[in-house]
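Written below as structure tokens is the structure these notes are about.
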Amino acid sequence: MTDAANRRSRNITEGVARAPNRSMYYGMGYQESDFGKPMIGVANGHSTITPCNSGLQRLADAAVIALKETGANPQLFGTPTISDGMAMGTEGMKYSLVSREVIADCVETCVGGQWMDGVMVIGGCDKNMPGGLMGMLRANVPAVYIYGGTILPGKYKGQDLNIVSVFEAVGQFSAGKMSEEDFCEIERRAIPGSGSCGGMYTANTMSSSFEALGVSLPYSSTMANVEDEVLGNVREAAQALVEAVKRDLKPRDIVTREAIENAVAVILATGGSTNAVLHYLAIAHAAGVAWSIDDFERMRKKVPVLCDLKPSGRFLAIDLHRAGGIPAVMKELLAHGLIHGDCMTITGKTVAENLAEVPALRADQDVIRPVTNPLYAQGHLAILKGNIAPEGCVAKITGLKNPVITGPARVFDDEQSALAAIMNGKIKAGDVMVLRYLGPKGGPGMPEMLAPTGALIGQGLGESVGLITDGRFSGGTWGMVVGHVAPEAYEGGTIALVHEGDRISIDAHQLLLQLHVDDEVLAQRRAAWVRPAPRYTRGVLAKFAKNAASASLGAVLDRFE
Ligand SMILES: CC[C@H](C)C(=O)C(=O)O
Ligand SMILES: [Mg+2]
């Protein structure tokens, strides 16, 4: 029996004192024989808030049944979510990153508070994955992550639609490039049912990387939520988890520096979301693994982009699944020494053992390219430095028609006024938009900027207008855009000192973000700068603003060193 199960047993010495604790379990229908079984939490992310999580209850129900069948005591508890797609462009988006921390706290609190022997975490929307894994790592009892599954495409006039189609339609419609009828039909049809946003956006980026990390089962990260194979994954995961409890195989035994390198390699190979940089800095912190923002640049130089996936590519995660899924990508990377085969995974086998039977890349698909013929020879997620971002910032730099842009700053201290300027035709080719006071502390909550970046793409300005922000981007963002600028404006970073009309360069070749203003002038501006009053003084946003670390450190709340 595990240590926790022992403590719950009728062990006469310590067990007597535990009688009151046990009596509560009898109230839950436990029999005496149950006290020797592992107690395994099921963190249920089901919610009718968003399609990403609205199809999770049947997974949670299947988990309870499967765990009982494998001789465990399942303990169901809830974790919250908000919907990035619904919150985008509104004040609600400030709660998105905050919810990552709330979910992590939920998992850690319930697992620790109940002496659980293991936990299965089920999630759907973007922050559910990093939040769930951070909680798993903090609690560090045997654990497995269950991704609820991606959404299938919507359909209109022969087109595959997804949520980013609607964000980009806003720009097309406002520029008079789309009829009102088409605009309304795209809005109505883009989201056909349950499942997480269908491109290689943040949800599918994090789920795919979890397979590579070894905390989810092979093939699970690209399944469609509405397909029954997700239930098979739950059953297999329950068996793997009970075995992990017996072997005492814990998340920190799996999430090593080499495993994180595997995860980042898959993120680069699949063209994943910029949010992965922020979340893996936070995951590494929770795992106690040394990992810095510069490690992403080290990995980018050696890992090619192999998958042709939205937002900038042609295909969706379900197409990747049908082409062989993440195991096919990992098999190709392993064959070229780009991932570590000896990392242990939740299956109880190593990465190489998990991949042994995976077939080579199929010739009848063009979603996944071979390493010998990649989409791009180096990764897409670049860390830029420069006088605006001495701590770093993040950009997707592949496939850009204009990899270098120098132009006049168009400065906005909030997202809504920036979006209005774009919609009203006030932003012209060659401009460099500066959206600031949107960082972890200044936002607060470091909101995603898909509304303005999607509108720029829709207006056809995505390749000719630069946009920098101390906020972050959705996985659906692409173009000449740079996020996570650190230090943020609220902390007096140089981005706070930019004046309308200053010249700024975004240089994807030199990985540079530079403000062309003399140091003396900047020193004068800094001397005159005054931190604005906090936007929130009570509650969860105020707490986040007070405690969040820099984006270059993952914007975590428990970095005290
Ligand atoms: C399409 C974008 C999605 C809603 C999101 O928030 C992300 O991928 O981060
Ligand atoms: Mg998001």
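Even glycines carry a Cβ here, placed using N, Cα and C.
Going by TrEMBL, these are the annotated features:
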ACT_SITE  SER474  active site, proton acceptor
BINDING   CYS52, CYS110  [2Fe-2S] cluster binding site
BINDING   ASP84, ASP126, LYS127, GLU448  Mg(2+) binding site
DOMAIN    37-354  domain 'Dihydroxy-acid/6-phosphogluconate dehydratase N-terminal'
DOMAIN    366-555  domain 'Dihydroxy-acid/6-phosphogluconate dehydratase C-terminal'
MOD_RES   LYS127  N6-carboxylysine
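Feature map: TrEMBL annotations on the structure.
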residue	record	CB count, 10 Å
CYS52	[2Fe-2S] cluster binding site	31
ASP84	Mg(2+) binding site	31
CYS110	[2Fe-2S] cluster binding site	20
ASP126	Mg(2+) binding site	33
LYS127	Mg(2+) binding site	27
GLU448	Mg(2+) binding site	30
SER474	active site, proton acceptor	29
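Highlighted here are the recorded positions (CYS110, ASP126, SER474) whose C-beta falls below 6 Å from ligand 1: ASP126, SER474, in sequence order. The Mg(2+) site is defined by ASP84, ASP126, LYS127, GLU448, and by the 8 Å test on Cβ atoms against their centroid, the other residues of the chain that qualify are ALA87, SER96, LEU97, CYS125, THR202, ALA203, ASN275, SER474.
Checked against ligand 2, the recorded positions CYS52, LYS127, SER474 give SER474 in sequence order as having a Cβ less than 6 Å away from one of its atoms.
Closest to CYS110 ([2Fe-2S] cluster binding site) by Cα-Cα distance, out of the binding-site residues ASP126, LYS127, GLU448, is LYS127. Looking only at the binding-site residues ASP84, ASP126, GLU448, the one with its C-alpha closest to SER474 (active site, proton acceptor) is GLU448.
Looking at the domain 'Dihydroxy-acid/6-phosphogluconate dehydratase N-terminal' (37-354) alone, the prediction's average pLDDT is 97. Of ASP126, LYS127, GLU448, all annotated as binding-site residues, the residue with the shortest Cα distance to CYS52 ([2Fe-2S] cluster binding site) is ASP126.
DSSP assigns GLU448 (Mg(2+) binding site) to a strand segment in the three-state reduction. According to DSSP, the residue listed as 'active site, proton acceptor' is assigned to coil rather than to any helix or strand.
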